[in-house]
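J.: Copying in the features that TrEMBL gives for the protein in this structure:
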type     : residues : note
ACT_SITE : His530   : active site
COMPBIAS : 77-90    : compositional bias 'Low complexity'
COMPBIAS : 98-107   : compositional bias 'Polar residues'
REGION   : 70-107   : region 'Disordered'
TRANSMEM : 209-230  : transmembrane segment
TRANSMEM : 242-270  : transmembrane segment
TRANSMEM : 290-313  : transmembrane segment
TRANSMEM : 390-411  : transmembrane segment
TRANSMEM : 431-455  : transmembrane segment
TRANSMEM : 517-534  : transmembrane segment
TRANSMEM : 540-559  : transmembrane segment
TRANSMEM : 571-590  : transmembrane segment
Amino acid sequence: MTSKGGETLDQSDGAALLIMSSVIQGRRCSSAVCQTEGLLTEEGRLRTGQPGALKMERADDDGVLRARCRTPQTPTSPDLDSSFSSLDGDSNPERHQQGNGVSHVTSNGKIEVEHVISKKLQLKRKAEHLKSDLMHQFDSHVNDFMDSLIEESSSLESAPLPASFSPPLSDKERSKLRYFRPPHGEGKQFVSRRSLLDELFEVNHIRTIYHMFIALLILFILSTLVLDFIDEGRLVLHFDLLVYAFGQLPLVVCTWICMFLSVLMVPYSLFHLWSQTQSGSHRHPGLCSVLFGSVFLLFQALGVGFLPTYVVLTHSLPPASCFIVILEQVRLMMKAHSFVRENVPRVLTWAKEKNSPGPVVPQVSQYLYFLFAPTLVYRDKYPRNPVIRWSYVASKFLQVLGCLFYAYYVFVRLCIPQFRSSSLQLFDLRAMVLCVFNSILPGVLVLFLGFFAFLHCWLNAFAEMLCFADRMFYKDWWNSTSFANYYRTWNVVVHDWLYYYVYRDILWMSRKRFRPAAMLFVFTVSAVVHEYILAICFGFFYPVLFCLFMCFGMMFNFILHDRRKGPIWNVIMWTSLFLGQGVIICLYSQEWYAQQYCPLKEPSFLELVKPRSWSCHRGVMLDTDQL
């Protein structure tokens with residue numbers, strides 16, 4: 001069928017049938033969705049030339065561009081007759097157009113092209129606005145659902161175990177337990193979750209950053225090989241720095257085995273014997289608690305604290321070997337404290353209630369699993385994965401090995417040439433400023449390598465071998481806008497130990513009256529331990545890190561607090577972090593070479609404490625040729 005103007009009526013037939021179908025089905029939807037669909041439909045008609053769309057033609061008489069537009073029929077019952085009439089050939093071009101509450105009267109079915117184009121753009125803007133609103137509401141609902149799901153799974157994971165060594169606690173037992181545990185929480189909740197970088201590396205944009213670091217490593221290797229070939233006439237692949245840094249490995253392994261076996265046997269045996277004294281058969285259980293507690297503290301101080309340090313100092317272990325022994329020493333001490341701290345309240349609760357034949361004592365296998373698990377908070381049971389992905393384990397250990405070689409080339413290309421020459425000069429203010437800014441790049445690279453190698457690769461490899469499912473060893477510390485958030489998210493493993501066993505215990509004992517003092521004590525403990533590790537491993541006392549922790553760390557913790565939001569605060573945080581890494585690399589490297597260039601024959605206590613780099617320069621350098 002054709003109309004007077006020669007245009008087909010197939011499109012009118014389709015519009016009428018669509019209107020009939022919509023009315024008969026009686027579809028109902030929300031206002032936002034229906035409005036979006038209507039706008040998109042009308043925009044599609046305008047674009048494709050369906051009823052209501054533009055049909056362009058050039059008028060011969062005036063040479064201007066015109067368009068014929070048909071009125072889209074609204075799907076209501078009174079309009080059905082007009083739709084049916086169009087099937088009979090009623091194609092009157094003069095119609096009243098209605099849309100968005102505005103009536104436009106056309107003359108001979110023609111309207112201006114500019115008006116239709118503006119209407120089309122207006123409809124498009126409204127559709128995009130409604131689409132963004134819908135997506136925002138959808139994201140909000142999905143986030144709320146995922147948060148509730150995580151909280152529910154966390155509560156399921158933290159439920160008490162029905163095993164014989166950990167019976168469920170009644171309400172009365174829980175009320176008694178709060179006298180022996182901090183009353184403001186049940187401790188850390190372990191949930192099955194992946195590491196953040198594992199999730200981010202699935203995004204191509206983030207993985208490209210990882211590829212950029214690999215490309216930088218390749219450039220370091222190429223530059224080293226080319227320069228060695230130019231200087232020596234051959235390729236030099238000796239890796240003398242790595243061989244020196246990891247020297248005396250057999251002694252390191254023997255020291256670690258002794259430390260591990262002592263921590264495995266002594267704390268567990270002491271706890272098992274002490275738990276038997278609380279059964280009521282002994283007349284003085286309090287005296288037994290003091291006795292066993294004193295023995296445990298003595299073991300922590302001498303057996304785990306003093307003896308490994310004595311081995312390191314007497315045998316003059318190189319830096320990397322020292323780090324292995326001292327870091328394992330600190331880790332095992334923290335694990336032993338966590339085991340005792342988590343299990344003593346359960347035994348004291350049993351001693352008061354006597355609701356089972358014997359005290360609640362964990363099995364040896366549980367304690368052994370905890371000593372290897374990548375966490376410092378003891379639990380009888382952790383969320384576990386069903387299988388071990390050995391390919392994943394191998395990839396993580398290979399990445400650790402790659403990070404070691406990466407750090408080697410960073411020191412060989414960026415640190416050693418700079419500090420070997422600058423240490424021969426007087427270390428004045430100008431030299432210090434240049435040294436700090438030249439050390440920012442290697443300092444930041446070492447920071448990234450240490451984070452990626454240990455907190456991501458090493459801990460994930462052991463977690464995978466042990467089927468340990470909670471992989472939240474760190475959070476998105478790179479997005480921090482405050483140093484308070486950075487301290488909480490940089491190393492979650494250590495932060496949890498400090499929070500639950502230092503900060504919360506101090507608040508519990510002081511009845512929450514000394515929060516600033518508790519925070520100050522946490523910073524002090526962290527600063528002292530960090531400085532102790534560096535002093536033993538480097539062989540000299542230079543409290544740079546301690547001052548950064550106690551002075552700038554505490555100051556930034558209160559200035560850049562959690563109320564600071566916005567990108568500018570993230571920029572300030574990164575700037576401060578870069579400068580801090582430059583200061584650490586510069587001052588410790590200067591002191592290291594000063595200790596080598598200017599040794600003291602008969603040092604006094606003041607000379608041992610005083611930094612050697614303040615007075616060592618070319619004029620007083622001794623035996624330089626030996627280095």
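Keep in mind that glycine also has a Cβ here, set from the backbone N, Cα and C atoms.
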J.: Given the transmembrane segment (390-411), which of the listed stretches 209-230, 290-313, 571-590 has the most Cβ pairs that are under 8 Å apart from it?
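T.: By Cβ pairs under 8 Å, 209-230 leads among 209-230, 290-313, 571-590.
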J.: I'm a bit unsure how to read this: which one of 209-230, 242-270, 290-313, 517-534, 571-590 has the highest number of Cβ pairs shorter than 8 Å with the transmembrane segment (431-455)?
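T.: If we count Cβ pairs closer than 8 Å to the transmembrane segment (431-455), 571-590 scores highest.
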J.: Do any residues, 6 or more residues outside the transmembrane segment (209-230), come within under 8 Å Cβ-to-Cβ of it, and if so which ones?
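T.: For the transmembrane segment (209-230), the sequence-distant neighbours (Cβ-Cβ under 8 Å, at least 6 residues beyond its ends) are 201, 236, 402, 405-406, 409-410, 412-413, 448.
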J.: Do any residues of this chain, six or more beyond the ends of the transmembrane segment (571-590), have a C-beta under 8 angstroms from a C-beta of it, and if so which?
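T.: Counting only partners 6 or more residues beyond its ends, the transmembrane segment (571-590) has Cβ contacts under 8 Å with 415, 419, 422-423, 427, 432, 435-440, 442-444, 446-447, 480-483, 486, 534, 538, 542, 544-545, 548, 552, 556, 560, 613.
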J.: Are there residues at least six beyond either end of the transmembrane segment (517-534) with Cβ under 8 Å to its Cβ atoms? List them, or say none.
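T.: Same-chain contacts beyond the ends: 323, 326-327, 330, 494, 498-499, 502-503, 506-507, 510, 542-543, 545-546, 549-550, 553-554, 557, 588.
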J.: Short question: which residues 6 or more past the ends of the transmembrane segment (242-270) have a Cβ under 8 Å from it?
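T.: Apart from its flanks, the transmembrane segment (242-270) reaches 292, 295-296, 299, 303-304, 307-308, 311, 315, 317-321, 324-325, 328-329, 332-333, 335-336, 339-340, 364, 367-368, 371, 404-405, 408.
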J.: Using Cβ atoms only, which residues of the same chain lie under 8 Å from the residue listed as 'active site' while being at least 6 residues apart in sequence?
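T.: Long-range Cβ contacts: Leu545, Phe546, Phe549.
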